[in-house]
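Peer 1: Please read through the structure below; I'll follow up with questions.
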Amino acid sequence: MGTMSSTSIAILVLLGLLSSAYAQLKIGFYSQSCPKAEKIVLDYVNEHVPNAPTLAATFIRMHFHDCFVRGCDGSLLLNRTSSNNRVEKDAPPNLTLQGFDFIDRVKALLEAECPQTVSCADVIALVARDSVAIIGGPSWKVPTGRRDGFVSNQAEARNQIPAPFSNFTTLRTSFANKGLNVKDLVLLSGAHTIGITHCNEFSNRLYNFTGKGDQDPSLDSEYASNLKSKKCKTITDNTTLVEMDPGSFRTFDLSYFKNLVKRRGLFSSDAALITDATSLSYVTELINGNLSKFFKEFATSMEKMGKVGVKVGTAGEIRKQCAVVNS
């Protein structure tokens with residue numbers, strides 16, 4: 001009995017290890033089940049993003065916000081099912097997020113080709129990568145096999161997605177909670193080189209930084225004056241769009257980091273990157289390096305982020321429609 005018991009345990013352990021090995025993300029996950037999947041995504045991105053290049057920033061932000069809440073599981077895409085069921089889309093960090101219809105159209109094409117095979121979580125990851133690459137930014141490896149989550153919660157998104165007013169300690173903790181380090185924080189913040197935002201996301205730095213009608217002293221005064229005179233003319237403006245990397249927001253380059261050391265980071269969370277010695281050293285290293293080095297290191301951090309908290313194997317589901325769980 002003792003021998004049989006040990007053998008049985010060994011077999012169970014081996015099966016468990018094999019199951020775990022086969023349930024990991026991998027490059028070409030859909031090569032057998034849906035061989036055209038990644039080409040379908042790429043073709044759609046190539047057809048539409050060049051006509052609206054700001055979508056690249058939209059999708060990299062979407063991927064980031066999805067991964068920071070319950071892992072990269074497409075929970076950000078879910079619609080509320082009742083007035084009391086507030087979802088991630090309802091959280092302040094996501095109220096200005098667009099592009100959901102684009103993801104739905106890509107998913108519809110994939111469903112027509114291979115029903116209930118390609119996850120919405122993978123669609124976000126692939127669209128983000130392809131959108132950035134098509135505008136001349138870096139590309140990175142996207143192993144697939146993510147599965148879609150069942151739950152989307154407004155409070156979790158509000159509490160876990162780093163806010164634009166975060167200080168460095170808060171940012172470092174938020175990233176560490178997802179298995180990402182300070183170098184990842186700096187590199188991923190570099191995506192702001194193609195970002196745009198609304199005045200209300202940072203206008204307190206211009207008009208009411210400490211609640212006394214003052215301006216953030218860490219913000220370059222000339223830059224602040226230009227913002228107040230030409231863009232955000234009142235503290236209540238919540239519609240005007242502002243480039244996060246002035247004069248270069250359509251180009252994925254190093255100018256975002258160069259602006260940081262000039263004290264021209266738009267968000268408090270941008271400015272925070274030069275308040276810590278380790279973070280500042282990474283910023284300085286990037287500025288003094290070349291673009292290809294930034295692209296390579298950014299790609300590494302994106303690959304790392306894309307694996308945060310993923311559901312694989314039999315966890316979750318493959319949604320038929322990205323906005324609703326399967327019935």
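Glycine is no exception: its Cβ is also placed from the backbone N, Cα and C atoms.
TrEMBL: automatically predicted annotations, no manual curation.
What TrEMBL lists as signal peptide is 1-23. According to TrEMBL, the feature domain 'Plant heme peroxidase family profile' maps to 24-326. As annotated by TrEMBL, disulfide bond applies to CYS34-CYS114, CYS67-CYS72, CYS120-CYS322, CYS199-CYS232. Residues or ranges marked as site 'Transition state stabilizer' in TrEMBL: ARG61. The Ca(2+) 1 binding site annotation in TrEMBL covers ASP66, VAL69, GLY71, ASP73, SER75, GLU88. What TrEMBL records for PRO162 is substrate binding site. Per TrEMBL, heme b binding site is recorded for HIS192. Annotation comment: TrEMBL describes THR193, ASP245, ASP253 as Ca(2+) 2 binding site.
I would like each feature placed in context: is it buried or exposed, what are its neighbours, and how far apart are things?
Peer 2: This prediction places the mean pLDDT of the domain 'Plant heme peroxidase family profile' (24-326) at 97.
CYS34 (disulfide bond): 17 other CB atoms within 10 A of its CB, across all protein chains.
Within 10 Å of the C-beta of ARG61 (site 'Transition state stabilizer') we count 23 further C-beta atoms, all protein chains included.
Long-range neighbours of GLY71 (Ca(2+) 1 binding site) (same chain, six or more residues apart, CB within less than 8 Å of its CB): GLY149, VAL308, GLY309, VAL310, LYS311.
In sequence order, HIS63, ASP66, ALA121, ILE124, ALA125, ARG146, MET305, GLY306, LYS307, VAL308, GLY309, VAL310 make up the list of same-chain residues 6 or more apart from CYS72 (disulfide bond) whose Cβ falls under 8 Å from its Cβ.
Taking a C-beta cut-off of under 8 Å and a sequence gap of six or more, PRO162 (substrate binding site) has these contacts in its own chain: PHE68, THR170, LEU171, SER174, PHE175, SER269.
HIS192 (heme b binding site) counts 25 other C-beta atoms within 10 Å of its own C-beta, drawing on all protein chains shown.
Listed in sequence order, the residues of the same chain lying 6 or more apart from THR193 (Ca(2+) 2 binding site) and placing their CB within less than 8 Å of its CB are MET244, ASP245, SER248, PHE249, THR251, PHE252, ASP253, LEU254, SER255, TYR256.
Cβ environment of CYS199 (disulfide bond): LYS231, CYS232, ASP237, ASN238, THR239, THR240, VAL242 lie under 8 Å away, each six or more residues apart in the same chain.
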Peer 1: Compile a sequence-ordered list of residues in the same chain as CYS67 (disulfide bond), six or more apart from it, whose Cβ lies below 8 A from its Cβ; state 'none' when nothing qualifies.
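Peer 2: Listed in sequence order, they are LYS178, MET305, GLY306, VAL308, GLY309.
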Peer 1: So for ASP66 (Ca(2+) 1 binding site), how many other CB atoms are inside 10 Å of its CB?
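Peer 2: Other Cβ atoms found within 10 Å: 30.
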Peer 1: Spatially, which candidate from the recorded positions CYS34, ARG61, ASP73, CYS120 is nearest to HIS192 (heme b binding site), comparing Cα atoms?
Peer 2: ARG61
Peer 1: With the Ca(2+) 2 site defined by THR193, ASP245, ASP253, which remaining residues of that chain have Cβ atoms positioned within 8 Å of the Cβ centroid?
Peer 2: GLY190, HIS192, ILE194, SER248, PHE249, THR251, PHE252, LEU254, SER255, TYR256
Peer 1: By a simple count of other Cβ atoms within 10 Å, which of CYS120, CYS232, the disulfide-bonded residues in the record, is least packed?
Peer 2: CYS232
Peer 1: To the nearest whole angstrom, state the Cα distance for the pair CYS34 (disulfide bond) and CYS322 (disulfide bond).
Peer 2: 18
Peer 1: Taking every protein chain shown into account, which of the recorded positions VAL69, CYS114, CYS322 has the largest tally of Cβ atoms within 10 Å of its Cβ?
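Peer 2: Top count of Cβ atoms within 10 Å goes to VAL69.
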